[in-house]
Amino acid sequence: MKFAVAIAFTLLVCVFAQEEEEPVTCGGKQCKPNSCCVQNSHGKGKDSPRCHPLGKLNNPCEVEPNENGIYSQHCPCGEGLSCTKVGEPNKLRCQEESGKSDKSKESQGSDESEESEESKESCG
């Protein structure tokens, strides 16, 4: 029975892993996954939208795009991060989501991470 549940779980993980996000169109081009469309209103590249990667830890970020789905200067944060006011003058930066820290990641059992890696490998 446990084996059947493990097989079902692996198949479910594979199905979700293969689902693709709807690509973002930016300046007539499709952005890669984990990116957004930014249209700077200042300096070089003014008014030409371009694809940029989602924010990483401590990168500047934005929360909401305009009505066309375009961000004015920075992408939102990548997975596991949230756009949070940090320091003075309260600039928005990508920070670990509350409740998550390196220690909590380290304290997770190795069985869980091994199972996840096995699932990824079996997806092809």
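Any Cβ shown, glycine's included, is placed from N, Cα and C.
Sequence annotations record features per position, and here Swiss-Prot assigns compositional bias 'Basic and acidic residues' to 93-108. Among the features that Swiss-Prot reports, compositional bias 'Acidic residues' is placed at 109-118. Annotated disulfide bond per Swiss-Prot: Cys26-Cys37, Cys31-Cys51, Cys36-Cys75, Cys61-Cys83, Cys77-Cys94, in sequence order. Per Swiss-Prot, the feature region 'Disordered' maps to 93-124. If you look up Swiss-Prot, you'll see 1-17 marked as signal peptide, on the strength of sequence analysis.
Sequence features annotated in Swiss-Prot and their locations in the structure.
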residue : record         : CB count, 10 Å
Cys26   : disulfide bond : 21
Cys31   : disulfide bond : 20
Cys36   : disulfide bond : 21
Cys37   : disulfide bond : 21
Cys51   : disulfide bond : 18
Cys61   : disulfide bond : 24
Cys75   : disulfide bond : 26
Cys77   : disulfide bond : 25
Cys83   : disulfide bond : 20
Cys94   : disulfide bond : 24
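Of the candidate disulfide-bonded residues, Cys26, Cys37, Cys51, Cys61, Cys75, the one lying closest to Cys94 (disulfide bond) when CA atoms are compared is Cys61. For Cys37 (disulfide bond), the nearest neighbour among the disulfide-bonded residues Cys51, Cys75, Cys77, Cys83, judged by Cα separation, is Cys51.
Between the CA atoms of Cys75 (disulfide bond) and Cys26 (disulfide bond) there is a gap of 13 Å, rounded to the nearest whole number.
Taking only the Cα positions, the spacing between Cys83 (disulfide bond) and Cys77 (disulfide bond) is 6 angstrom.
Counting only the Cα atoms, the space from Cys61 (disulfide bond) to Cys36 (disulfide bond) is about 11 angstrom.
In the three-state DSSP reading, Cys61 (disulfide bond) counts as coil. Restricting the disulfide-bonded residues Cys36, Cys51, Cys77 to those with a CA within 10 Å of the CA of Cys26 (disulfide bond) leaves Cys36, Cys51, listed by sequence position. In the three-state DSSP reading, Cys51 (disulfide bond) counts as strand.
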